[in-house]
Amino acid sequence: MTTETNPAVTPAYNPSEKQKGAAKTIRIPIKVIPMERLPKPDWIRVKAASPSTRFYEIKDILRANNLVTVCEEASCPNIGECFGKGTATFMIMGDKCTRRCPFCDVGHGRPDPLDVNEPENLAKTIAALRLNYVVITSVDRDDLRDGGAGHFAECIRRVRELSPNTRIEILVPDFRGRMDRALEILNAAPPDVMNHNLETAPRLYKEARPGSDYEYSLNLLKRFKAQHPNTPTKSGIMVGLGETDEEVLQVMRDMRAHDVDMLTIGQYLMPSGDHLPVRRYVHPDTFKMYEEEAYKMGFAHAAVGAMVRSSYHADQQAHGVTSAQSDVVNK
């Protein structure tokens with residue numbers, strides 16, 4: 001449940017501190033009211049980390065190189081499985097986001113200055129881990145004139161120098177008000193896959209994505225694709241925030257109308273009681289319906305299921321798309 005926030009009762013805060021939970025969501029236009037939690041169904045299962053996997057090795061390497069992963073910051077339920085397999089989604093430009101999306105567990109606050117050594121540290125870490133496929137994402141950096149596009153480009157360049165055979169997917173923010181500049185910068189160092197998530201249906205944007213615009217995000221994906229027609233584009237949404245099945249299908253249609261190639265749909269799981277509540281748990285049969293409809297609409301790949309997240313098995317998704325593209329070229 002949500003209501004309008006009353007600014008008169010909002011306490012003071014230190015903007016330089018990282019705010020999470022209630023401290024983060026208290027200043028958004030919509031106030032999150034705690035609700036009784038829906039019981040988790042049997043099909044919601046998370047794989048725990050095992051000491052016999054690379055889970056702790058990956059964590060130690062990340063800390064040693066002063067790197068952050070969205071897996072940790074966003075409390076991803078798949079962290080045990082992904083770290084255990086030696087994969088991670090790197091989050092650049094710090095751990096303080098300039099937005100306050102109440103579904104997300106990444107902290108909000110005044111961001112620190114960019115770490116000029118981060119591209120080098122990131123590239124060295126990826127090379128040391130001998131990763132074949134990496135996903136690089138970031139917090140929103142509305143404080144930067146290019147929205148952080150230049151830092152993305154520098155990270156891509158350094159990774160390519162040290163690991164020329166590593167494929168790079170970037171999961172970018174919307175570069176609000178800076179799209180032209182951001183796309184121009186990325187043209188000089190394009191990724192292998194361009195990902196930007198719509199997150200939810202447009203009706204829920206005021207509640208779930210304050211500060212973002214549905215059409216603007218769609219346009220970002222379409223414009224990148226127009227400039228890089230051979231580079232796969234990708235987007236994802238969560239279900240369980242109050243959307244209807246028809247709204248999910250319409251978002252999928254909108255993606256295809258804006259030339260998005262790859263799709264992810266997963267179940268929203270609230271990180272804490274201070275975040276937006278789960279309003280429904282989508283049945284596996286419904287996820288199957290989404291997947292079938294996705295391929296009918298022409299998506300080259302659709303990763304759809306309760307535990308799917310934007311970067312989950314991203315290497316397998318991209319491999320399927322590029323293999324299909326190669327088949328078309330060779331025919």
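Keep in mind that glycine also has a Cβ here, set from the backbone N, Cα and C atoms.
Listed features, source Swiss-Prot:
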{"type": "REGION", "residues": "1-20", "note": "region 'Disordered'"}
{"type": "BINDING", "residues": "CYS71, CYS76, CYS82, SER311", "note": "[4Fe-4S] cluster 1 binding site"}
{"type": "DOMAIN", "residues": "82-300", "note": "domain 'Radical SAM core'"}
{"type": "BINDING", "residues": "CYS97, CYS101, CYS104", "note": "[4Fe-4S] cluster 2 binding site"}
Overall pLDDT for the domain 'Radical SAM core' (82-300), taken as the rounded mean: 94
Other CB atoms, at most 10 A from the CB of CYS104 ([4Fe-4S] cluster 2 binding site): 24
In three-state DSSP terms, the structure that CYS104 ([4Fe-4S] cluster 2 binding site) belongs to: coil
Of CYS76, SER311 (the binding-site residues), the residue whose Cβ has the fewest other Cβ atoms within 10 Å: CYS76
